[in-house]
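Accompanying notes for the structure given below.
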Amino acid sequence: MVPEVSQEGLLQPYSTYADVTLFHFHVPAEVIRVTWEFAAFMDDPDCPVREVHVLVQHGSYPVITRNNATLRDYMYIHRTALHKVVTLTAYQPHDATVLPVYAPLPGSWFAAAYIPNWNEQMQQEGIIHKCRYSLGSIAMWTQKGYVKTLEVGGKQTITTHETLSYYRFYVPSHTWFLRVNVSSCQMLEQSVNRVWCVRSLTLSARSLPAYNPDNPDVANITEGTGHVFRETRPYADSYYYLLVASEGETRLDITIHTKECTTSSYKNLTPRIQEVDSTEYTISSQQEVRFVGTAAPINITLSVLEDGSIEEASRLTHDDINKSEVKDTYNSSQKETNKIKDTNRSTQEKENISTLKKVARLVHEKTSKLVEADIHSSVVEKSNKSVTDTAKAAPNKRNKSTNEVDWEELWPSSNETHGKPFVTSEEPWTIEPDFSSEGHHCYPILPLARIKHASDFTDTFLIQGRDWYITWLSVKRGPPLFTHLTLLPFTDIGGTLSITILLDELLMNATRQMISVLGCVRKGRAPDVVNGSLVCEEDQLTLNVSSHSRNTVEDIILIPFPEPDIWYLALQLVCYQNGLVSGCMVSQAMVSLDVRTQPCVFAGDSPCGQHGLCQETNRGMFFFTSCVCREGWQGWGCEDGDEAQGWSNVVTGVCLLTLSNLFFLPPAVVAFRRRLFTQALLFIATMVASVLYHACDNEVVSYCITKYEVLQFTDFFFSLLCFWVTVVGMGGIGEEYRPALHTLGVVVIAPAVQYSRTALASFTLPMAIAATIPVGHVLYQRWCKGSWPSLEPRQLLCRGAGITLALSGLIMFALLQTKDNYKYVHSCWHMVIALSLVFLLPSRQHPQLPASGQTIKPAAYLASDDAELIDVGEVTVDYTASSPVFHVTSDVDFLLTDSDGDPHMPDKDD
């Protein structure tokens with residue numbers, strides 16, 4: 001067992017893919033078994049036990065959806081090797097969760113871990129202990145020490161010396177057929193209980209075969225016999241492994257044959273490039289061909305002809321065409337075609353060509369010419385000759401016009417074959433004698449060239465022509481057309497592979513038949529072809545476009561987090577009449593191929609649709625994009641609306657979070673009436689900042705007047721500053737010291753908020769400093785004057801109510817607030833904190849008593865919070881009076897009388 005370096009990471013509750021904890025392991029080749037061990041930890045024994053989900057996948061990141069949300073049919077998420085385990089967190093775990101994988105594929109393996117279904121509590125950092133969960137992982141594997149390599153092409157004899165013997169051989173690129181013949185089994189070691197020469201044979205690609213005695217590929221081979229493995233379109237450029245399970249020493253003969261599709265496989269053809277000017281056409285209900293002039297740009301197309309050669313054409317459309325120009329074009333094309341005919345071809349080949357040559361492209365434009373390379377094939381004429389020849393010959397037979405085509409002449413047996421499967425003739429394809437019985441065919445494969453763009457996950461794949469890149473393909477009737485592209489590890493796995501095909505809409509009215517193009521996508525190997533028909537391995541990797549309606553001319557497959565490999569796409573033209581497959585009345589169908597990698601899910605300005613935002617995550621060596629769904633939508637592309645919030649619910653949340661800030665108006669009005677203008681200004685600023693911040697912080701209805709970070713800073717800063725000013729003002733500090741103390745608050749709060757806006761220290765440190773100021777002032781007054789400041793019962797009641805409301809708000813904010821109830825609890829926090837400021841505001845400060853004989857406003861003597869509501873007149877007070885006790889008998893005249901009737905008291909009339 002060889003251990004991989006152990007890894008550990010913090011676990012998060014899953015809301016988006018950015019919360020997933022990722023691990024990467026590199027498994028070498030020829031590993032018999034790899035074992036992963038996972039242990040989930042928590043940092044405190046009092047923390048609740050959580051369930052942890054771990055997905056292990058080869059090649060790429062596992063696709064995870066929240067609460068198993070449904071995905072659309074065009075989303076392909078199946079993977080070659082994907083395993084899932086569930087474990088529980090523990091303070092000191094003693095047992096680990098073990099995941100064994102037998103015969104793993106070599107290369108990169110990714111483990112994604114997360115905690116599902118956790119309504120995480122939203123709290124200030126440091127108020128209470130926040131439980132932290134983590135996952136430790138370690139991988140160990142057993143690697144086969146030596147695997148004998150077999151040669152391809154000749155017979156070789158092997159002798160097994162172990163119960164399980166492994167052998168390998170290399171399959172090169174462009175291999176389209178593989179045959180492994182195991183024969184002449186001979187038991188060299190006899191035993192009493194030994195009955196079978198070989199218990200089982202297993203063949204697998206890219207990894208060692210997994211030994212499964214209950215379900216082997218081939219079981220119980222007797223002495224002198226053997227078995228033949230056949231594989232069409234095998235995994236190319238890879239090792240194949242053969243497992244021989246025997247009960248004793250055994251001798252076997254093995255012969256390995258491969259068939260590579262090279263240039264010589266296409267009858268020694270070199271790829272032929274044609275420059276053809278073609279016109280758009282339609283076929284009316286009377287099955288007549290007529291020219292259609294359009295004003296469309298030039299589209300470059302590529303097609304594979306029935307003989308295996310490659311045709312590249314420019315698809316031109318024009319506004320004005322006359323028949324004389326078309327006729328000249330026909331003549332020039334015919335002359336050029338006749339120049340390259342091979343006069344030595346056999347009579348049989350001529351008959352095959354005349355049978356298969358039905359309808360090709362109608363060409364026009366008198367300046368167009370046919371340019372071809374030297375081709376040594378006897379089927380060149382078939383691939384180049386257009387329907388013009390047939391159209392020109394038709395008038396001689398049936399006296400029809402040049403623009404008409406005799407469809408009965410082209411398909412004389414169409415009525416007889418109606419309703420039967422249409423099978424392409426196999427005569428043009430060269431098959432070696434050894435493989436003629438295997439059904440092996442070689443098909444040209446068009447490689448897709450990568451066009452790299454500046455942004456990540458925005459590469460496009462185009463077909464590379466001779467001097468240009470093209471997007472339109474001409475899919476002809478007969479054999480399928482194959483293309484392939486290569487996705488790179490780490491570079492391409494963090495986005496989405498998008499494959500879209502679009503059928504030319506002009507075919508919707510081309511014929512009475514329904515014209516369909518079938519597409520098959522496959523990873524690692526080309527799709528299968530059985531009896532000339534394309535066979536798709538999986539329904540979700542099947543593309544189908546047809547001329548039935550505008551809704552069926554386009555089809556798409558999206559593969560999130562695709563596995564790095566060679567991906568193949570095969571296209572084939574299929575026609576239907578009266579619901580049954582029939583021979584096509586058109587020779588080709590124009591298909592636009594759009595293959596690209598894109599961030600998140602969809603192309604365009606909304607990668608996550610209308611209910612999500614696309615975010616990029618770069619975490620060390622991991623780089624990927626994922627969607628952040630809003631308003632309760634779920635799914636990989638935010639398309640699952642089963643738990644989506646209604647519009648009324650969304651509007652209610654926005655209104656609660658914004659309009660609840662209007663409760664800051666009452667303390668602002670009270671502060672203004674008490675001439676506390678600094679506090680009034682801060683309360684208004686806090687209200688405005690909070691409204692703008694929550695209007696921007698909303699997921700659905702978002703309005704940001706400036707950057708989000710600026711709005712968040714101002715909200716937290718003004719909230720703390722208004723508390724600072726209010727608390728400092730409660731100590732009765734003189735006016736000359738207050739500006740300096742307010743500035744001190746700005747100096748302390750601004751760095752604290754910028755350092756961390758959710759940490760406990762950012763709140764407690766400024767408030768602790770603010771509380772020491774009035775407390776220190778009271779203690780100083782007690783030390784200097786020897787008495788405590790007196791408070792009226794009404795003032796004491798107000799202070800108690802304010803402190804109670806403030807503490808209640810802090811408890812809601814710190815302990816009761818979760819992600820689900822955020823809009824309700826946080827709105828209540830706004831209202832409670834704003835109301836607490838009304839009761840915590842200090843009374844209006846009165847000036848010192850004036851000297852004798854000065855005129856004062858008697859309201860200055862009142863220490864009540866309602867002093868500013870009393871309107872009194874001015875009076876002159878003689879402070880030399882002997883009586884120390886006075887009674888206010890009139891709020892209007894402010895008359896002072898001696899309770900004992902002192903004769904020194906001035907008379908009212910004086």
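Backbone N, Cα and C define each Cβ position, glycine as well.
Residues or ranges marked as compositional bias 'Basic and acidic residues' in TrEMBL: 336-349.
Residues or ranges marked as disulfide bond in TrEMBL: Cys629-Cys638.
Confidence for the domain 'EGF-like' (596-639), expressed as mean pLDDT, is 89. The domain 'EGF-like' annotation in TrEMBL covers 596-639.
Sequence annotations record features per position, and here TrEMBL assigns region 'Disordered' to 327-349 (among others).
Under the heading region 'Disordered', TrEMBL lists 383-424 (among others).
The annotation transmembrane segment is assigned in TrEMBL to 646-664 (among others). Panel annotation: around the transmembrane segment (646-664), residues 631, 683-684, 686-687, 690-691, 694-695, 697-698, 700-701, 823-824, 826-828, 830-831, 834-835, 837 of the same chain, lying at least six beyond its termini, place a Cβ under 8 Å from a Cβ of the stretch.
Taken from TrEMBL, the feature transmembrane segment applies to 676-696 (among others).
Long-range Cβ contacts of the transmembrane segment (716-733) within its own chain (Cβ-Cβ under 8 Å, at least 6 residues beyond either end) map to 676, 678-679, 682-683, 685-686, 689-690, 741-742, 745-746, 748-750, 752-753, 757, 762-763, 766-767, 770-771, 773-778, 789, 799, 833, 837, 840-842, 845. The transmembrane segment feature in TrEMBL is assigned to 716-733 (among others).
According to TrEMBL, the feature transmembrane segment maps to 763-784 (among others).
Annotation source TrEMBL lists transmembrane segment at 796-816 (among others).
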Around the Cβ of Cys638 (disulfide bond), the count of other Cβ atoms that are within 10 Å: 28
Neighbour tally for Cys629 (disulfide bond), based on other Cβ positions within 10 Å of its Cβ: 26
